[in-house]
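Just below is one structure, and these are the notes that go with it.
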Amino acid sequence: ALLCSSAAAVVLLKWLGRRQIQQKMEEARRMRDLALERMEKAACRFKQENPGTQTAHVLSLTMAELAEKLKEGSLSPESVLYSYMGKVKALEVTREVNCVIDFIHGCEDQLQKLKKQKEKGLLYGIPISIKDHIDCKGHISSGGMVKFLGQMKEEDSVIVQVLKSQGAIPFVKTNIPQTMINYDCSNPIFGQTLNPLNHQKSPGGSSGGEGALIAGGGSILGIGSDVAGSIRLPSSFCGLCGLKPTGNRIRYIPASVLFFHPLWRLQRMMGPMARDVDSLALCMKALLCEEMFRLDPTVPPIPFDEEVYTSSKPLRIGYYEGDGYFQPSPSMKRAIQQTRKLLQDAGHTLVPFAPPKIDYMVDELFTRGIFSDGAAHLVDCFKGDIVDPNLKSQFNTYRLPALVKRILAIVLKPIVSVWTCLVCVIGNLQGGEISVYRTEFIAKWRKLRLDVILCPVLGPAFNHGYAGKLFAATSYTNLYNILNFPAGVVPVSTVTRADEEELKHYRGHYGDPWDKRLKECVALPWQEELCLRFMKEVETLTH
């Protein structure tokens, strides 16, 4: 009787805990719906009071054109903000693809203050979307986790403060995958975000809400973050431009939403996402200002170098079609081949390049760097929470006992090429190991006298649910997190029917279970301007 009573008590407590979690999630969704309703009412009110606003014209402008018209006064900040807020765009897009999780209602007060300012910043009147985990005063940063719901932030993060000081207007927060360790975009609180170009596909992650909203036309500029490709993968999947800067050029300041071991060795970066390269450059120019250097003294006071960005000097470009770890899809290879020819015809020098010791980089440096504690800290974060279905295959691996992981590592290594991604080998990665690899990589770069590198980024967009099963495919992006090099993505082509037919015969390098499931521009550290200049060259030649 005592055992039965104890068992019943345990079941009851679990049920009550589960019910409490469900209630918190329902409340979060209710608050989101109220916020979106508030945004719609504000947009409708403005439209009624200003029936002559040319919304279609506002939404058709590039960010550079928009900034110029706002600066000269031919467009008002109100007309721009409410055009993007209104039914026509942000609300319409999120109802279609579920990408916006909150309305930053303070944007209306900020708009009024902005009108009274004499000095107009570089982003004066530009509405901006912000990734969920970036702190905004009076709003939550959930990380897709129930445990963070209800924790309102008391102040804006540094990057939001700087954006506001330059006249930008953050107006919505966007969806992310739970814990941001997945490059799909789904969590149990706000659900699955769809790709606006094809609803059967993922928008990528972890900045997937940003990718979906910008690609759908609901935002002109967004701020994401990047640990293993979280800016570049959504940019690739959604046909956008995105930049991962050098770590500390725009510093990622950890808030309460931190899921990796506090002592991990990899650089986390924040960066912009937009529809064209000039928008990224304008955003970087605005961020690399005195206000940024004052608010965060750890950011080197290096302003944006306009001369490098606008240079027309021919470049010496290293390139590769595949990294030797995860076989590129037909569309990835074709994008590099076509772009290489265009660059050569434009007078640039193209040099074959192969990343050194790529297996070692992925299996040892990256995997042990991100899971130096065997993912114990990440697993611990889920206590009293619900695991999203798209994360379960990863999570079930992470929570295996250490002994089981070690046994699986020995058994599976001859069979599965990316065994470390499966079993999360426990072992502390020393910072010196990454430094040695970076030195070797730079030596090869210098020997070939390269300015930049052209390489593929993962694509085409995956179907929903596959990203959690294909963590190994991030080798094309996580290499440059390990190296801490600036890297940007530029769309150069779309997937063709011929690509799809060729994909049916795809086997991969190893023929292992990972391969069967299925443009990046890079510069040396602190050379974001050169990276953007190269991206602009690629964009110009391919459009």
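Each residue, glycine too, has its Cβ placed from N, Cα and C.
Sequence-distant contacts of the coiled coil (18-45) (same chain, six or more residues past either end, CB-CB distance under 8 Å): 82, 85-87, 90-91, 94, 100-103, 105, 108, 140, 142, 146, 149-150, 171-172, 188-190, 384-386. Summarising the annotation, TrEMBL assigns coiled coil to 18-45.
Residues annotated as domain 'Amidase' in TrEMBL: 91-500. If you average pLDDT over the domain 'Amidase' (91-500) in this model, you get 89.
Summarising the annotation, TrEMBL assigns active site, charge relay system to Lys131 (among others). There are 25 other Cβ atoms within 10 Å of the Cβ belonging to Lys131 (active site, charge relay system).
Of all Cβ atoms in the protein chains displayed, 31 besides its own lie within 10 Å of the Cβ of Gly229 (substrate binding site). The substrate binding site annotation in TrEMBL covers Met180, Ser206, Val227, Ala228, Gly229, Ser230.
Per TrEMBL, active site, charge relay system is recorded for Ser206 (among others). Over all protein chains present, the Cβ of Ser206 (substrate binding site) has 34 other Cβ atoms lying within 10 Å.
A simple way to gauge crowding: the CB of Ser230 (substrate binding site) has 33 other CB atoms within 10 angstroms, across all the protein chains here. Annotation comment: TrEMBL describes Ser230 as active site, acyl-ester intermediate.
Here the Cα atom of Met180 (substrate binding site) is found 11 Å from that of Lys131 (active site, charge relay system). Binding residues for substrate (Met180, Ser206, Val227, Ala228, Gly229, Ser230) extend across at most 11 Å, taking the greatest CA-CA distance.
When other Cβ atoms within 10 Å of the Cβ of Ala228 (substrate binding site) are tallied across all protein chains shown, the result is 25. In terms of local Cβ density within 10 Å, Met180 ranks first among the binding-site residues Met180, Val227. Listed in sequence order, the residues Ile181, Tyr183, Gly205, Ser207, Ser225, Asp226, Ile231, Leu233 complete the 8 Å Cβ shell around the substrate site centroid, once Met180, Ser206, Val227, Ala228, Gly229, Ser230 themselves are left out.
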